[in-house]
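This report refers to the structure that appears directly beneath it.
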Amino acid sequence: MGFNINIIGTGGTRPLHNRYLSSVLIEYDGDNFLFDCGEGTQMSLRKQKISWQKIKMICITHLHADHITGLLGIVMLMSQSGETRKEPLIIAGPVGIKNYTQANINMLKIYKNYEIIYKEIIIDKTEKIIYEDKTKKIEYTKLKHSIECVGYLFIEKDKPGKFNTEKAEELNIPKGPIRKALQDGKEILVNGKIIKPSEILGKSKKGLKVAYITDTGYFKELIQQIKNFNLVIIESTFKNELKKEADKKLHLTAGGAANIVKQAKVLQTGLIHFSERYTLRKDLENLLKEAKLEHPDGEIFLTRDGMRLEANKNNFIIK
């Protein structure tokens, strides 16, 4: 339970022996949300002892192979793991995600004993919120890449403050559903008097905001979308010396990623989606150095396969 983030993979283009393709799983009070699903994702999930059966929703950023080729394996395994899913699997992504998935299911004759709900995103037209319940919501944000691509914003809703039982007794508010309504932020009517939640509840706790941003080139609009986020996991594909290549391919350098989060005043930043050319630890450490040179006051770190981050007040602790 709680609010945790598991780094499933951190690479780009192709998996390496010690680095799977970029993928992140967010756990929130028993609900699991997977962001991107490249080749080898199921292997990394298995290594981290994370059940794919517990994945509620898979959010794909774009239809490039290194972000999607692991999807069908997980779709198949959900029907072959010895237990039946009790709820549908939600799959979200840009237009084409449904055709890609269904065509492969049909062509490969994949046995499936559960429902899939597709949420295809038509950028700038589809409602920004693609998932919402009482405690959280997921929004998409447009990215700048060679094909239609979106980032995802995981937003925890503000939590109500402490319920003042003495005040409730004083105002003759009966126990039960009517008190629950106040805790849900609704006004109630007691003895002809309207009572607002603010009269009974203490100060609310601000919810945490997490963004998953890859693949993209630099563009100013992104800064506003992740303004003041608690944690942004953002691509850092190239070293600064390859800025021309990054700009051409619509990717970010380490310095470019740091510049974005600096302007957005992000609290914590995790770098991800490292080029396959960076195979040594020192290569990745150089990416981190370049990011910190651009944003020396920022809390920036390298993500790694198997890393786990746990929510703690207004930030995340690396485990």
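Our numbering is plain: 1 for the first residue shown, then up by one each step along the chain.
Every residue, even glycine, has its Cβ placed from backbone N, Cα and C.
Bear in mind that the values here come from a model prediction, so they are computed numbers and not experimental data.
Binding of Zn(2+) 2 is attributed by Swiss-Prot to Asp66, His67, Asp215, and the same site annotation extends, among His17, His273, to His273. Annotated Zn(2+) 1-binding residues in Swiss-Prot are His62, His64, Asp215, and among His145, His295 the one listed with them is His145.
Neighbour counts of Cβ atoms within 10 Å were taken for the binding-site residues His62, His67, His145, His273; the minimum is at His145. Residues Thr61, Leu63, His67, Leu143, Ser146, Ile147, Cys149, Thr214, Thr216, Leu250 surround the recorded Zn(2+) 1 site, their Cβ atoms falling within 8 Å of the Cβ centroid of His62, His64, His145, Asp215, which are themselves excluded. Counting only residues at least six positions away in the same chain, the Cβ atoms of Gly12, Thr61, His62, His64, His67, Leu143, His145, Cys149, Glu235, Thr237, Leu250, His251, His273 sit under 8 Å from the Cβ of Asp215 (Zn(2+) 1 binding site).
Proximity of Asp66 (active site, proton acceptor) to non-local residues of its own chain (separation of 6 or more, Cβ distance below 8 Å) is seen for Gly11, Gly12, Thr13, Arg14, Leu21, Ser22, Gly38, Glu39, given in sequence order.
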